[in-house]
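Data block below; observations after.
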């Protein structure tokens with residue numbers, strides 16, 4: 001599938017930021033694609049310009065990895081996140097119970113003030129992947145956190161029998177983990193209230209690929225769904241959701257759409273928890289495949305970015321590491337992919353989402369598939385730039401609007417109530 005887009009389309013791409021309104025809450029932006037790749041060195045060190053703005057991709061100033069449009073906080077960059085290193089070394093006590101919540105929040109507040117301007121309106125993504133805040137979610141290598149919690153309970157409650165110590169270990173871990181995650185989000189939202197705060201990879205889905213094609217459906221695992229229901233407090237404390245739609249290595253192309261669809265549908269399900277209006281859902285997607293380093297093909301962009309737009313997501317965040325700007329050759333390689341494949345598709349999808357919004361939703365909502373089970377029609381412009389037929393799409397109204405086509409003003413559903 002080839003997108004034939006003229007210069008007029010490139011020049012006509014609207015920016016995600018405008019009029020000082022928070023990112024993604026400006027009513028004219030039904031779908032955004034954001035750049036979370038540390039590519040500043042391409043221009044600064046090698047003189048290779050990446051025309052992200054012209055291609056409809058929102059990036060930080062100077063294409064820095066951290067900035068006012070998007071900032072991701074890794075485990076050592078916000079507060080005192082406890083975890084075990086690869087060799088078992090405990091950092092910040094290793095487990096949530098060992099961390100002083102007051103000290104954690106004080107350090108996090110200092111880092112937020114230092115990293116984000118007071119008027120920050122972008123995405124604030126917390127990447128804490130070492131443990132799950134629910135005891136049952138810590139299996140495999142994460143069982144180290146259960147073992148350390150049991151040892152903690154034995155020290156703190158030496159007179160209890162082993163079963164009671166296990167109960168104390170579980171309760172202590174879950175209570176401390178919840179406090180760390182919930183209060184960190186609350187702190188961020190208090191200090192930078194116009195930003196969109198949430199944790200990367202949440203909600204989880206458990207529909208990864210394990211090499212068995214005969215019974216793969218793409219549905220989320222029942223245990224993952226149950227854990228997400230238990231994490232009601234996390235969704236209530238968030239102001240955006242950032243699920244991952246990284247295509248698993250070896251996943252056959254026939255299953256790409258189901259894999260992405262069910263991950264996003266689970267995010268839409270929990271996005272309503274604790275909020276009068278659904279939280280924005282922005283899926284994290286990779287530029288390349290994890291094992292091979294091969295860039296996503298046109299069809300794979302359709303099954304990630306295209307499916308996200310057609311399901312009604314607020315946007316997609318494109319992630320990459322320093323390898324993309326490690327040399328002049330890599331920078332030219334990245335530029336070629338941007339200009340030849342990724343950029344034209346992003347322009348097409350974002351303009352199609354805009355056209356559908358205005359045609360079906362009075363410009364006050366985003367289009368989403370009426371029946372996600374019939375994923376035949378995408379938000380694509382035809383070659384030459386003409387809009388498609390949007391009969392397969394219904395409207396998801398922005399804050400402050402309601403009705404089948406988002407034509408009814410509802411001031412009581414304004415952003416201040418919804419966040």
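Glycine is treated like the rest: Cβ placed from N, Cα and C.
In Swiss-Prot, the entry for N-linked glycosylation site among 69, 348 corresponds to 69. Spatial neighbours are here defined as Cα atoms within 10 angstroms of one another, and by that definition residue 367 (disulfide bond) has no neighbours among the disulfide-bonded residues 42, 205, 220.
Note: the Cα of residue 205 (disulfide bond) and the Cα of residue 395 (disulfide bond) are spaced 25 Å from each other. DSSP gives residue 361 (disulfide bond) a helix state. Annotation for residue 129 (active site, proton donor): spatial neighbours 75, 200, 201, criterion Cβ-Cβ under 8 Å with sequence separation of six or more.
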